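Listed in Swiss-Prot:
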- 23-138: domain 'MTTase N-terminal' (DOMAIN)
- 32, 68, 101: [4Fe-4S] cluster 1 binding site (BINDING)
- 162-394: domain 'Radical SAM core' (DOMAIN)
- 176, 180, 183: [4Fe-4S] cluster 2 binding site (BINDING)
- 397-460: domain 'TRAM' (DOMAIN)
């Protein structure tokens, strides 16, 4: 299925504006872990076609901006970044490309509004990137068509690109079949397509062979995975891969959290005691307008079953504040839920109306869809975040004096320290050198300090 926009041929570049030797690509990634994984795939793909990775945009011959459209602010960040890269294009003759969800949603507007963008492409077109780069030397265009589900080919990771890194993302699926009223993802990522489980397991095995210890399975809604087995079964298969010590995944929809998945947390120690389970609101009325397909009580039932199956599990969540029609009582419900659940962390944002979504189309059409004044929404968000900071600080303080396992990910920004994470995904600054805590090692650490968002410790 093709969705192609082509503009007039480009004028020839001035002599000497782009070197003939091996070129460099700089990737600026916005948004989610799926985007981070896509960026890795794009760098690997271009690496097979004589592109090296540029550490700064000033050294790049191709600048790729991999975008997020979940909130309007992300689009504003894109336009700001494009303005900064315009000078690099003028000086080096660099190509500028926009990929990801904003590219999928706003292809025509981007090409018209930003004349120095050379090409635009959606998430389903990553595999064509080398051909698109060559074509962009001749003309400006957008390629944002969807691949049919049966024809979709997941980009293959190059395990060598992960050598020396202890962690890696592994794509399990893409797209989303839910129709949450606030969410643009089904319009920018398409329908759900699951990757066949043997392919996922094989990639995890190849990553383990080059030293990866932890894999994170990613998708817009991994709980609905259907690649030849259930998601719970997939986790058990990955856990059987020699060399893989830790398994994480994201993101999940509470409606699809099965008893079988809860059982995996109970039975499989390689599946880390950390679960991101977005709730969005503590009000049944707001959840219904959001089309989330669960009530607060149903969410808490799943939450409690996870806690019972894996005592000590760190559960994180998302909140949207200021959704249309949210009253003070609705917001108080979110605060009450936060206090009841004691989430390890929550990612909370103001409601951002997105094109084509139900919430955007219904905004202002009825009393229950009235827009919340920004000042009211901002004040509520500040209250929610203050409560979350207090709860998170208490959770970190409770770790003082404990001996925990830390996967060392590399050097810290502070001299004489290494950086790693606990099974619960808590960041630990470890007072050790490379010899005492090499990258990829699982070390025991005694926690000596709890900060606002991280821990400090010494080898135990």
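Start at 1 and count along the chain as shown; that gives each residue its number.
Even glycines carry a Cβ here, placed using N, Cα and C.
Here the features listed in Swiss-Prot are painted onto the structure.
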{"residue": "32", "record": "[4Fe-4S] cluster 1 binding site", "Cβ neighbours (10 Å)": "18"}
{"residue": "68", "record": "[4Fe-4S] cluster 1 binding site", "Cβ neighbours (10 Å)": "22"}
{"residue": "101", "record": "[4Fe-4S] cluster 1 binding site", "Cβ neighbours (10 Å)": "27"}
{"residue": "176", "record": "[4Fe-4S] cluster 2 binding site", "Cβ neighbours (10 Å)": "22"}
{"residue": "180", "record": "[4Fe-4S] cluster 2 binding site", "Cβ neighbours (10 Å)": "21"}
{"residue": "183", "record": "[4Fe-4S] cluster 2 binding site", "Cβ neighbours (10 Å)": "22"}
How would DSSP class residue 176 ([4Fe-4S] cluster 2 binding site) in three states?
-> coil
Around the [4Fe-4S] cluster 2 site recorded as 176, 180, 183, what other same-chain residues have a C-beta within 8 angstroms of the site's C-beta center?
-> 178, 179, 182, 184, 185, 186, 220
Secondary structure of residue 68 ([4Fe-4S] cluster 1 binding site) (DSSP, helix/strand/coil) = coil
Summed over the domain 'MTTase N-terminal' (23-138), the DSSP helix, strand and coil counts are 67 helix, 24 strand, 25 coil
How many Å lie between the Cα of residue 180 ([4Fe-4S] cluster 2 binding site) and the Cα of residue 101 ([4Fe-4S] cluster 1 binding site)?
-> 17
Within the domain 'TRAM' (397-460) only, compute the mean pLDDT.
-> 96
What does DSSP assign residue 183 ([4Fe-4S] cluster 2 binding site), in three states?
-> coil
